[in-house]
Amino acid sequence: MVASKITNDRDNVAPANIYEDKKIFPSFRSGPLQEYRDKASFCYKRMNVLLEGEDHIRLKHKIWQWMEKHPDFQREPEAPNLERTRELANKRHHLLWEQKFFDVNEYLNTPYLMLAFGQAIFSYDFSFSVKFSLSNGMFPSTLLTNGTGRLGKYIAKISDDRILGAYALTEIAHGTNANGMRTRATYDVKSQEFIIHTPDFEAAKCWVGNLGKTCTHAIVYAQLYVPDDKHQGLNAFLVPIRDELTLLPLPGVTVGDLGEKIGLNGIDNGFVMFNQYRIPKANLLSKTGDIDAQGNYTSPIKDQRKRLGASLGALSTGRVNITAITYVALSKAVCIATRYSASRRQFGPPDSNEEWPVIEYQSQQYRLMPHLTAVIALRVVSLWIGKKNMDMMMRGMMGEDTSREGMEIHAISSALKPYATWAARDGIQECREACGGHGYLRASGLGDLRNDNDANCTYEGENNTLIQQASNWLISLRRNNANFVEASPLETLAFLKDMNVILQTRGQEQNAGQALDVNNLLKALNWLTAWSLDTTVKRFEQLQSAGKDAFETRNNIQVFAAQKLSIIYAERTSYYIFYKFVTNLPASPEQQVLLKVLSFYGANLVIKYSALFYQGGYFLNSSQIELYQQGILGLLSVLKNEAIALVDAIAPTDFILNSPLGMSDGNVYHHLQRAIVSTPGVYERPYWWRDVTYKSYLERAKL
């Protein structure tokens, strides 16, 4: 949770009309992109405000402007080594905390500003942002939601930046299977302490962000044993790791660094082992279960599985946040590749002396537009799920029963996180390739985006395993004849109240216009979700009838059924939330363009699952899919003229984007020259050049 104060410096007061604020919407410098800006049918500034909201935009730019002016946030010309990367991430983390961009009262009045804050910092750099979010977001929020007032002194220390936290769940030999964790916490009645112990290296806590070098405390999940060796399941404990002043490991704690990774190297991921390490009884996070002085365990949640689920509630918020993080990564990649494609010229008609911008080529358009439309959909859905989750958390803190919302957010976030991270993974790679060889330069920024996003596919739940949580929920609702309206207060499944009717519908589109109609696309995706659920449930029941137990049944329905069901559920939800957003807007040029974006996004999903539409009988003949193809081809030529303005509506500032290929003026070669020539040593021969060349010459001469 961020505490802060907005400055009252009158010289820095922003204009009342956001469209006139030159710090937020400066005039673009002249360059190759002006041609496409002139072709756009809408105002990118109004689009930006529609997609994000004025308060959101103002806070983002306030943070970006501070970063651009601060000496410790300047970009270094050469890639720093591991230690320097860690040093920068740690320093920037603390500088950001000290700056305090908004205070607790502002947070309570407008909690959604946290979403803008997160987008702003992740747009600059993933490493220090993850570090900050772990220590000042996930760590204190878990203490607040799972702990009780007796841990209040630690919340005060976090607020003063005196301690730095970590979240330690995963072990060397167990990750997804939380019940298989083997770190022990044994209650000692005599001393009224817990003894934390790691039986062997396989039970070491690992992949813990901030643990390798910097954290002082960690929330550690361990199997709780009370007197008579009675097991009370996995519970969370606040465990001191290092001395708060010296940062030396405390006696009984063995802590280490996992070393260099593919990406996110500013985060010191580490491992820890405990040797009969004692912590106070009060350090049990006791909201889901507590013990008295004699070691008697009580919990308001009798079902141990539900109790564990409540204890791991922070992971649902983490998955919601990852969806927003992946939007940031993909949006930056799409901005870079789209601007580059409108600036880069290659070939042209034989009777013309001018080369075409590569965005004029249909193949390049179809490389970019699926990701551009998907990222705008992700912009809308990530803000939606973020706000819904915050609403639920705030109402829960006030004592309101939010269990139904919590279940649905858990399910949809377990599907959205894999969908979004895979969409970013594939989209960033396509954008890298769409920029040709220049996209392979580290200076382009695309490689770092790809590598930093890669971790999103595995942490907070490995994607292929995580999506099973969504499909398990969907299957249980259908098999138990649940009331889908009651089970879905967020309306991600409420449409399935008419599931049997939906399953009987067939596509009736007669031309490309009807195929692209946003209502018809929603109808098609509703059918696809219903059919996927029905097919998966039938497969489930076939296996059970054949004598398979619950474990074998779940295992054997994944391929072609349950896994696909979860992703379709996420994609249909994304389309539906985007559809509601666009169709509820007042008529304007911006809405008209967003309707085209929505149509392209939905039609591309239908194309993706065309085999399933035929398999289930929704398409009656082979020519129907051609209508969607015709519609997509028609939209390509329209959206390529809107693409630069659409990118302008979601792009961060040039300083934040930090790519010579994606600068807002489109002067690619000028910025590329500056990036390459300013690299130290670019015109110098390496120190070993003369030796190697001369020796090679002598060897050839001897021959």
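Note: Cβ is positioned from N, Cα and C throughout, glycine not excepted.
Annotation source TrEMBL lists domain 'Acyl-CoA oxidase/dehydrogenase middle' at 166-275. What TrEMBL records for Thr170, Gly209 is FAD binding site. Taken from TrEMBL, the feature domain 'Acyl-CoA oxidase C-alpha1' covers 313-474. The feature active site, proton acceptor is assigned by TrEMBL to Glu460. Among the features that TrEMBL reports, domain 'Acyl-CoA oxidase C-terminal' is placed at 517-693.
Overlay of TrEMBL feature records on the structure.
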| residue | record | Cβ within 10 Å |
| --- | --- | --- |
| Thr170 | FAD binding site | 19 |
| Gly209 | FAD binding site | 26 |
| Glu460 | active site, proton acceptor | 24 |
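A Cα-Cα distance of 12 Å separates Gly209 (FAD binding site) from the residue listed as 'active site, proton acceptor'. Mapped onto DSSP helix, strand and coil, the domain 'Acyl-CoA oxidase/dehydrogenase middle' (166-275) counts 9 helix, 51 strand, 50 coil. Distance noted between the C-alpha atoms of Glu460 (active site, proton acceptor) and Thr170 (FAD binding site) is 10 Å.
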